[in-house]
Amino acid sequence: MWDVVVVGAGAAGLAAAEMLGRAGRTVLLVEARNRIGGRIYTWRDSIFPIPVELGAEFVHGRPAVTLRLLRQGGIGLMQVPETHGLFLEGRVQAIDLVRTLRPLLEQLPPPEAPDSAFAAFLEQALPQEQTATRALARIVAESFEAADPEQLSLQALAEDWRVRANEAADYPQFRPVGGYDRLVETLYRRLNLTRVRVHLQTVVTGVRWEPGRVEVHAQQLGQPRVFQARALILTVPLPLLQGDQTPALHVDPPLPEPWRNALAQLEMGAAVRVNLCFREAFWETHAALRELAFIHAPDERFTTIWQPLPLRVPVLLAWAGGPAARRLADWPEEAVIQEALRTIGRLYGIQDPGRYLVSACLCDWQRDPFAQGAYSYVRPGGIKARRVLRRPVHDTIFLAGEATDPEEPATVAGALQSGYRAARDLLATQAGVPITPPID
């Protein structure tokens, strides 16, 4: 019998396994895919001049947990210029993101106010003539949060925006030098492999549990397996625990009602990204556009296009989030790529940018059965949901992953923090230290 089974070898699962192994616990880390990293997925191709991020790309702000691992791995950071453009009425205008959103930020409700959907607030908060602010606010909600504004908690978004607006000067964006997977490699190298065993291509289908004991049922390379342990850390993406999509991870008996209710108050966001490599960086000939790291286009199917500044390479990224991504979910891959090229052509004023195209790579996490979306967001009324999910279930089941982190949700930092938190809580409960008042 294992001391702990950890399900999911993304950032959260690796972090939990690292801490538990170093504490001397025997850990089985199981992963459905044939690789570790989860939604950190860096693809390398000789055609692209830089590593291609198919999942996480940015380090948001200066999260201590991420910076510590980057230092341990000898991984540098490149700061991303906060230069934005807005494409409206057929032209791109350079904008200051926070300044443009300021009229909206000033009307955000106080934390004690009743919650509502962001879309309803947006309709009431701004007059129709504030076109740029309205368009940009919706893009931020849909693209950055990967959310449907009709289903997005205003209070959760307001909490996030207040932090970023107040700390704008000290909340830069970075990219890890050489690819985000270098952080995953650092985590793996830190595993105590005398205590931690990793099983890939092991799809967990169900969990039977009682306090102090779990049975994890899985399919490993097509063969049924059962693993027994004293405790379980679940780090799988949100939809697999909500049980309304397949493949579902069945928990028997079900998680207690407070945890089920908290899961129902969260939603998995959608995002489609197309990485495109061109023969030449045709946008470099336009003095103004070449300096814009991000161009936002509210009326396009791909609502944000960015380039990997400060690097000057012939690569662009087309991004659709929220409802825009949902609408692309059933499109054939080639049609999605062609739509990305059409958006790029309109934004940069280039006829047939496809003639410059060398290679394109599409990633849609909605189509991945082990993710079923990009990252989580909060539904109206669910502002406390993440705090509920972080509590141990009868000191036996511990939930982790970005969806369970109240401080840095939807980020790699949040996933890392949640994994370490779950491991600490597990060790504390085994030592008889109370974590939080129990929820039954």
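Quick reminder: no glycine exception, Cβ is built from N, Cα and C everywhere.
TrEMBL annotates Glu31, Ala32 as FAD-binding residues; of Val204, Val207, Val214, the candidate listed for that same site is Val204.
Those residues of the chain, other than Glu31, Ala32, Val204, with a C-beta within 8 angstroms of the mean position of the FAD site C-beta atoms are Val7, Gly8, Ala9, Val30, Arg33, Gln201, Thr202, Val203, Ala218, Val236, Phe370. Around Glu31 (FAD binding site), a 10 Å sphere centred on its CB holds 25 further CB atoms from the protein chains shown. Summed and averaged per residue, pLDDT over the domain 'Amine oxidase' (12-427) gives 95. Following the DSSP three-state reduction, the secondary structure of Val204 (FAD binding site) is strand.
Taking Cβ-Cβ distances under 8 Å and a sequence gap of 6 or more within the same chain, the neighbours of Ala32 (FAD binding site) are Gly8, Gln201, Thr202, Val203, Val204, Phe370.
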